[in-house]
């Protein structure tokens, strides 16, 4: 290889590396802003802050409104996580083992809510729940979030089940165990980490979602992102950074748990 | 007769791995009750006549559609939404192709870091992703300080609220999804093909364009459709980072539904937008993959 070519390769390499590290920095920037500004002292969000304090944290823990939003978010997140994991795991298992028409039609249908603008799903469900006269805000938001989280659970479980050796299950059946026992003792231990990851992802998706939650909120029940959104409409307060820092921390924790259970590369391919 | 059909049904169920019918039923029922039926009700609602604010008149009329199509204001909103969709998609998908390739080529800790930077924003609320840009892009923000300090700008520019802020915010929202769509396809690619092209004398940019890009095309198609669908329907980025000139159809729907309580118009407007988005997405898919085959495996 000539000297000129070698130099050119080196320049290309340097540009390539500089390019993706720059993008990396830009991607992380808003998250850094959130954490840093949550410790600022001033009334109005500024980055970088002039002075630091914990006053916004104190204010957060003293606010009944925020704490009740936290409770609402957790209730809805757990509900959506349990429901979408149950539906997604059973549905995925069925589709894996069956070639009926329903099993072929279902996957594209459950994927659709992910491709529609959330505003449209929010409005569709708002009209629907009004029409049928169903007014429990917790349940309506759980349903909305389950529509989003179920396809994620479903497709993660599809690839988990695809790697499972079904002969093991057949062996269990041949030995005379009931299907439910085979599922519990043979299938579940092999796919457990996939189920846990699905449940964690579903919880996080529900915790962070805000457009559908905005459409379906009521005076009594509103999630953390919705309250953050409405308080941002009046002023750019650092209190939102405190709340956001918690939301980001939960995500980081979720990613780390998932990464510990399975390698992060696999997770990236599933999502 | 009834006995016979029951026996037939029983046989069918047995043949189809008995359990799977009961396993699939809950999910199928859920999608039917909370997705398919609500959607039909949305269509029905769009055919009602609109009355005083907060009420609608049961009817079978295309009045709401006519009102939407005739409105110059709505036309402007739709045009802007599609413009934003195209601009954000082109930027997001180009950057995502580069980033996904970098993640594909990286190894060890570097690979983990790059993938982590994609998954983390994916799992962060839209609220955080948009408002955190405000202190960075405002006239007295970090970016302006930097550009003025370096001498690239004479005086501060208002990036946000404005079009630049809206585009940056929207690209930031869809970028991780675009990267993952492309990455999941690239990760199955055999690096030897690229090596072979290089051994045959192709330069690195050329081997990227002629070997890597065609290989990643199904992923690029999915990334394009997803980014486009979400950017046309953008809500959070334009309302947090835009000025009044950056009003999208999603923001108008929100106001129709939650402030004006005009359900028939909101429903008709949404359905018209969905139809337009579907046509454009199918067109893009066909353009990029030659068929509409590659949609599966998102």
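Each residue, glycine too, has its Cβ placed from N, Cα and C.
Going by TrEMBL, these are the annotated features:
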- A:20-39: transmembrane segment (TRANSMEM)
- A:70-258: domain 'ABC transmembrane type-1' (DOMAIN)
- A:74-93: transmembrane segment (TRANSMEM)
- A:105-129: transmembrane segment (TRANSMEM)
- A:135-156: transmembrane segment (TRANSMEM)
- A:195-216: transmembrane segment (TRANSMEM)
- A:236-261: transmembrane segment (TRANSMEM)
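Contact check: the transmembrane segment (A:20-39) against the transmembrane segment (A:236-261) gives at least three Cβ pairs closer than 8 Å, residues 6 or more apart, which meets the contact criterion. Contact counts against the transmembrane segment (A:195-216), taken as Cβ pairs under 8 Å, peak for A:135-156 among the stretches A:74-93, A:105-129, A:135-156. Packing against the transmembrane segment (A:135-156) from elsewhere in the chain are residues 72, 75-77, 79-81, 83-85, 87-89, 91-92, 107, 110-111, 113-114, 118, 121-122, 125, 129, 194, 197-199, 201-202, 205-206, 209, 212-213, 216-218, 220-221, 223, 270-271: each is 6 or more residues past its ends and has a CB under 8 Å from a CB in it. Counting residues 6+ beyond its ends, the transmembrane segment (A:105-129) has Cβ neighbours under 8 Å at 91, 95, 135, 140, 143-144, 147-148, 150-152, 154-155, 209, 211-212, 214-216 in the same chain.
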